[in-house]
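Engineer: According to TrEMBL, the protein has these features:
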TRANSMEM  20-49  transmembrane segment
DOMAIN    24-508  domain 'Major facilitator superfamily (MFS) profile'
TRANSMEM  69-88  transmembrane segment
TRANSMEM  100-119  transmembrane segment
TRANSMEM  163-185  transmembrane segment
TRANSMEM  213-232  transmembrane segment
TRANSMEM  350-367  transmembrane segment
TRANSMEM  373-392  transmembrane segment
TRANSMEM  404-423  transmembrane segment
TRANSMEM  443-463  transmembrane segment
TRANSMEM  484-503  transmembrane segment
Amino acid sequence: MAREQLQVLSALDSAKTQLYHFTAIIIAGMGFFTDAYDLFAISLVTRLLGRIYYHVDGHPKPGTLPPGVASSVTGVALVGTLCGQLFFGWLGDKMGRKRVYGMTLALMVICSLASGLSFGNEPKGVMATLCFFRFWLGFGIGGDYPLSATIMSEYANKKTRGAFIAAVFAMQGFGILASGVVALITSASFDHAFKGPSYATNAEASTVPQADYVWRIILMFGAIPAALTYYWRMKMPETARYTALVAKNAKQAANDMARVLQVDIQAEEEKVDKIVQDTRNSFGLFTEEFARRHGLHLLGTTSTWFLLDIAFYSQNLFQKDVLTGIGWIPAAAKMSAIGEVFRVARAQTLIALCSTVPGYWFTVFLIDRMGRFKIQLMGFSFMTIFMFALAIPYHHWTKHENRIGFVVMYSLTFFFANFGPNSTTFVVPAEIFPARLRSTCHGISAAAGKAGAIVGAYGFLYASQSRDPKKTDAGYPTGIGIRYSLILLGVINFLGIIFTFLVPEANGKSLEEMSGENEEDEMELPAATTINRTVPV
């Protein structure tokens with residue numbers, strides 16, 4: 001049977017929605033705003049970097065980043081993010097959520113600024129320093145995933161916990177939108193002040209010297225929202241669940257939450273001691289007991305996030321290539337360098353405004369009504385359907401009169417990614433694991449997602465190249481083409497449907513119910529665990 005819940009945790013679970021909930025959403029959400037801004041801003045400027053630093057005189061096409069450089073510039077932040085998720089996820093369970101939270105934000109601010117200050121004017125020097133700072137930027141971003149999710153889940157009440165965690169993650173949508181808007185304003189301003197001809201008209205003059213400032217300004221702007229929230233992030237108290245259940249300081253937990261909730265809460269130190277001394281709640285990550293209770297859950301959260309991010313990051317990071325392929329963005333030779341940034345940013349901003357941002361907030365408003373499982377299953381299903389609908393008749397969509405239909409359906413895959421697994425894969429790992437392992441397990445799940453993002457970023461870069469050697473980008477081998485790449489992404493989304501059945505439903509349950517930390521009877525299993533028993537005859 002379940003033991004009586006600690007009063008401080010019961011108070012959090014039953015608390016009405018208050019100002020501190022929204023304060024926590026904004027403080028944690030600004031981190032994700034910056035995360036998304038920095039990770040997706042790079043896709044807006046990669047073509048500009050190619051024109052500035054890899055121009056070849058007399059070549060019929062503008063300069064492009066060599067394959068190794070392009071994949072490194074795009075993917076190095078993802079590698080850093082993966083490492084940061086594992087490291088800071090583990091550190092958050094060892095040192096506490098709050099103590100580590102400031103480290104990640106400081107790293108993000110410093111490296112965002114440094115990304116735009118890459119040293120020298122030679123291609124090797126600029127790209128090497130850009131990749132160096134973007135790795136450490138990603139490392140800081142990685143820490144924000146497990147810490148923000150865990151902090152929000154441990155602050156939230158039981159009734160609206162899913163919406164609060166999803167709202168933190170939904171700030172990614174505004175970050176993606178902001179990256180497009182900043183790129184639009186910057187490129188439009190520079191294009192107005194330093195107008196250049198198209199590449200086909202005058203190859204050398206099409207990239208004005210001032211274009212080197214454009215990509216630096218766009219990347220550096222990501223530091224501003226993070227810097228603005230640093231003070232308030234440092235003022236947040238440690239979560240009661242960490243203080244009471246991990247740090248074993250019931251009195252401090254009660255005092256912190258009494259101040260936040262503005263109610264009187266008893267410390268209940270004896271009850272905390274009883275929970276802590278229960279050996280059945282002291283198992284580690286690499287134990288048979290963890291595997292029995294949460295092994296399938298961890299497999300479910302890691303596999304679905306891995307599969308989702310292959311598709312999601314492929315679509316986001318290379319949407320400019322897909323939209324160029326169907327003719328929605330003109331050929332590079334028909335635009336100036338800064339004009340190309342404007343066109344790519346405009347396309348990304350329209351998709352973000354019409355599908356990406358609404359998808360996130362549909363999840364926020366409906367996750368505690370529909371539940372996590374239904375939203376994730378629905379999202380993967382529609383992503384699969386729309387991806388195949390785009391890929392199978394791909395030649396139909398490349399015709400000029402049909403390209404708007406392609407953009408609409410392509411946008412719907414973003415909508416159902418965000419009103420679906422992109423949000424739920426972030427929410428669920430913060431709800432179903434024990435407090436002492438919650439940040440670590442969320443970090444592992446998120447790192448699996450970033451492994452998928454790396455596969456998508458590096459793999460799609462090569463796979464989407466034309467099957468015709470004459471149509472590939474300079475330096476790239478032939479690939480399978482955009483059509484077959486989209487089919488492959490459809491198959492990956494279908495696998496996501498299958499692995500979703502390993503993920504438990506946490507809707508309406510307390511964190512302790514899901515993790516089994518309140519179980520008193522040795523034979524009682526956690527609410528999230530299901531096994532088959534045979535009754536002896």
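All positions are counted from 1 along the displayed chain.
Every residue, even glycine, has its Cβ placed from backbone N, Cα and C.
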Engineer: Below 8 angstroms Cβ to Cβ, which residues of this chain, lying six or more residues outside the transmembrane segment (163-185), approach it?
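Structural biologist: The answer is 21, 24-25, 28-37, 40-41, 44-45, 148-149, 152-153, 155-156, 217-218, 221-222, 316, 341-342, 344-346, 348-349, 352-353, 356-357, 359-361, 363-365, 367-368, 418, 423, 426-427, 430-431.
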Engineer: Within the same chain, where does the transmembrane segment (484-503) have neighbours whose Cβ lies under 8 angstroms from its own Cβ atoms, ignoring anything closer than 6 residues to its ends? I mean 6 or more beyond.
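Structural biologist: Apart from its flanks, the transmembrane segment (484-503) reaches 296-297, 299-301, 303-304, 307-308, 310-311, 314-315, 372-373, 376-377, 380-381, 383-384, 387-388, 390-392, 394, 421, 424, 428, 460, 463-464.
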Engineer: Which whole-number mean pLDDT does the model give the domain 'Major facilitator superfamily (MFS) profile' (24-508)?
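Structural biologist: Computed over the domain 'Major facilitator superfamily (MFS) profile' (24-508), the mean pLDDT is 86 on the 0 to 100 scale.
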